[in-house]
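S.K.: Marked as NAD(+) binding site by Swiss-Prot: 31, 32, 33, 34, 35, 80, 81, 109, 132, 166, 281, 305. If you look up Swiss-Prot, you'll see 111 marked as active site, N6-AMP-lysine intermediate, on the strength of sequence analysis. Taken from Swiss-Prot, the feature Zn(2+) binding site covers 398, 401, 416, 421, and the record attributes it to sequence analysis. Residues annotated as domain 'BRCT' in Swiss-Prot, with sequence analysis given as evidence: 581-659.
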């Protein structure tokens with residue numbers, strides 16, 4: 001057998017093994033044999049580059065390292081589906097469609113909890129993959145998606161086709177990846193979806209390949225050009241070699257639809273991957289235009305959302321955390337329980353009133369869920385299992401410094417009033433260094449906690465004295481010369497941050513980033529702001545009595561005055577200047593910023609627009625000139641497209657601001 005024939009034979013064997021193992025769950029060769037075939041193919045392709053082929057399974061190994069992701073404009077927007085939250089809403093959805101198209105049938109498909117992706121093929125050869133992004137513009141993640149073993153690099157037919165699907169990470173892989181990260185002292189991923197999203201955004205495709213992402217496809221762009229129904233489309237995708245979730249069904253009445261959802265709710269708890277609902281679509285494509293669309297969603301489809309998962313567990317203890325403003329938050333320490341894709345061992349109890357209203361006690365059995373599928377929360381006590389648990393009593397002293405706690409009239413929270421409280425200081429230091437405030441790279445939560453424990457950081461000015469401990473810092477666990485140098489450079493650079501960031505970073509109660517700017521627009525230096533009178537502050541638009549009281553209280557405190565003087569002497573900016581560029585193309589233009597941007601927060605983008613003479617509004621109207629849209633942009637983007645307003649993605653924004 002000649003070399004070229006052997007290479008083709010190896011590719012065929014490996015592709016067949018990949019398909020049967022990853023798509024059909026039917027392994028035909030052992031891992032040992034598979035690895036041997038792959039090694040042989042890699043060696044032959046390396047030795048004989050003239051036989052290189054972009055569809056070779058060796059392309060899934062990874063190896064391309066990118067500087068950044070390129071933007072990709074979708075030929076057809078990747079928009080969302082409307083949510084259906086209960087059986088009553090399901091009936092409304094069903095009846096509305098039946099009025100337009102009587103006796104229509106529906107497909108039901110599991111909604112995979114992952115990352116949406118579009119896949120582009122030319123003459124049956126995989127060419128490009130892109131994320132959803134803001135629905136109009138996504139990111140090119142081709143090299144990373146190539147590493148997914150269930151992705152066909154060559155289809156069974158030479159078609160020009162665009163296919164959409166969901167990238168996800170299995171429970172097994174998720175546990176393995178987090179174990180590796182724990183052993184490397186890295187932050188753990190919160191859940192498989194978070195892990196999949198983080199992996200897809202890796203610039204090094206070798207890292208992606210090691211994390212073993214997976215894929216399900218569910219539709220074709222312009223599907224009616226290939227088939228007449230959604231069911232046929234799913235079968236068609238499978239025939240082409242795409243992985244398709246096998247648990248789809250065809251139903252023809254409301255009872256069958258309701259039963260299917262109930263069955264999916266049972267099934268999903270046994271699956272090796274996460275799901276977060278059921279996608280329901282009218283089966284016949286010919287009815288889509290008749291049924292129509294809203295401004296944001298197609299009317300012929302919806303996503304039934306499973307009720308938030310709840311679990312019963314035990315309250316082992318109630319502890320108290322000190323926030324950066326001194327707020328004392330009670331937290332339930334729970335017997336660990338798996339909820340919605342992650343292990344939950346703590347849950348917020350909000351405040352004393354919340355605990356007393358629900359009568360939560362240590363040793364109680366409680367029902368826990370994730371609020372918004374994110375934040376663990378105790379929702380009720382299982383009273384039938386209670387024995388002799390003592391009623392909850394709020395602590396009277398700060399858990400960090402033992403100072404007396406205070407509760408202001410009309411407020412639910414208790415506060416530690418000690419300005420030098422170490423617990424408050426840790427959170428205050430973390431906030432000060434955060435991206436939204438002074439943006440000190442490398443000085444994250446864990447580093448702050450370590451330096452605080454080692455007594456290098458107790459106050460904000462201590463941050464700017466860390467250079468005097470350079471040699472000692474290099475000896476700390478997880479540090480070293482390069483990391484310390486990077487940290488100290490970031491600290492030095494932060495001295496040039498604008499005064500509004502400093503004011504926000506100080507953690508003054510009720511003073512967020514926007515309020516800080518508003519205050520400085522009227523008192524453009526630390527001295528002027530410190531001398532501002534309560535009665536003058538409340539005359540400023542958007543500055544009410546609570547903010548005015550917080551500001552005057554903060555600046556009248558002698559310890560705070562000394563700290564600010566120290567920061568001034570250390571070289572931080574103490575005056576505020578807005579340089580409005582009246583000749584810039586943004587001058588006089590009204591913007592709306594929506595979605596999540598990669599390199600800016602929405603506040604940062606708004607700051608740039610305003611400094612270039614533009615105005616930032618909170619809502620889209622006919623008076624809006626531009627909508628700056630990031631990922632997961634929702635109704636504001638939809639309205640902009642309806643009104644014909646120019647939509648600007650982040651890449652264009654970066655170019656424009658330098659004009």
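The backbone N, Cα and C atoms fix where each Cβ goes, and this holds for glycine too.
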S.K.: Just the number: how many Å between the Cα atoms of residue 33 (NAD(+) binding site) and residue 421 (Zn(2+) binding site)?
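M.R.: Residue 421 (Zn(2+) binding site) has its Cα 62 Å from the Cα of residue 33 (NAD(+) binding site).
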S.K.: Out of 111, 401, 416, 421, the recorded positions in the record, which is closest to residue 132 (NAD(+) binding site) when you go by Cα distance?
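M.R.: Closest by Cα: 111.
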S.K.: What does the structure give for the C-alpha distance between the residue listed as 'active site, N6-AMP-lysine intermediate' and residue 81 (NAD(+) binding site)? Integer Å is fine.
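M.R.: A Cα-Cα distance of 11 Å.
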S.K.: Hey, which of the binding-site residues 33, 81, 416 is the loneliest by Cβ count within 10 Å?
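M.R.: Among the binding-site residues 33, 81, 416, the sparsest Cβ neighbourhood within 10 Å belongs to 33.
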S.K.: I'm trying to understand the geometry here, so how far is the Cα atom of residue 421 (Zn(2+) binding site) from the Cα atom of residue 281 (NAD(+) binding site), in Å to the nearest whole number?
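M.R.: For residue 421 (Zn(2+) binding site) versus residue 281 (NAD(+) binding site), the Cα atoms are 57 Å apart.
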S.K.: Hey, which of the binding-site residues 398, 401, 421 is the loneliest by Cβ count within 10 Å?
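M.R.: It is 401 that, of the binding-site residues 398, 401, 421, has the fewest other Cβ atoms within 10 Å.
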S.K.: Can you give me the Cα-Cα distance between residue 401 (Zn(2+) binding site) and residue 281 (NAD(+) binding site) in Å, rounded to a whole number?
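M.R.: With distance taken Cα to Cα, residue 281 (NAD(+) binding site) is 58 Å from residue 401 (Zn(2+) binding site).
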S.K.: How far is it from residue 281 (NAD(+) binding site) to residue 398 (Zn(2+) binding site), counting Cα to Cα, in Å?
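M.R.: Spelling it out, the Cα of residue 281 (NAD(+) binding site) and the Cα of residue 398 (Zn(2+) binding site) are 55 Å apart.
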S.K.: For the domain 'BRCT' (581-659), provide the mean pLDDT of the predicted model.
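M.R.: Across the domain 'BRCT' (581-659), the average pLDDT comes out at 83.
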S.K.: Roughly how many angstrom lie between the C-alpha atoms of residue 416 (Zn(2+) binding site) and residue 81 (NAD(+) binding site)?
M.R.: 46
S.K.: Excluding 398, 401, 416, 421, please set out which residues of the same chain place their CB within 8 Å of the center of the CB atoms of the Zn(2+) site, keeping sequence order.
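M.R.: Here the nearby residues are 322, 326, 399, 400, 402, 403, 417, 418, 422, 423, 424.
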S.K.: Just the number: how many Å between the Cα atoms of residue 81 (NAD(+) binding site) and residue 398 (Zn(2+) binding site)?
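M.R.: Residue 81 (NAD(+) binding site) to residue 398 (Zn(2+) binding site), Cα-Cα distance: 47 Å.
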S.K.: Give the number of CB atoms, excluding that of residue 132 (NAD(+) binding site) itself, located within 10 Å of its CB.
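M.R.: There are 21 of them.
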S.K.: When secondary structure is assigned with DSSP, how many helix, strand and coil residues does the domain 'BRCT' (581-659) contain?
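M.R.: Split into helix, strand and coil, the domain 'BRCT' (581-659) gives 27 helix, 17 strand, 35 coil.
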S.K.: How would DSSP class residue 33 (NAD(+) binding site) in three states?
M.R.: helix
S.K.: What's the number of neighbouring CB atoms sitting within 10 A of the CB on residue 281 (NAD(+) binding site)?
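M.R.: For residue 281 (NAD(+) binding site), the 10 Å Cβ neighbour count is 23.
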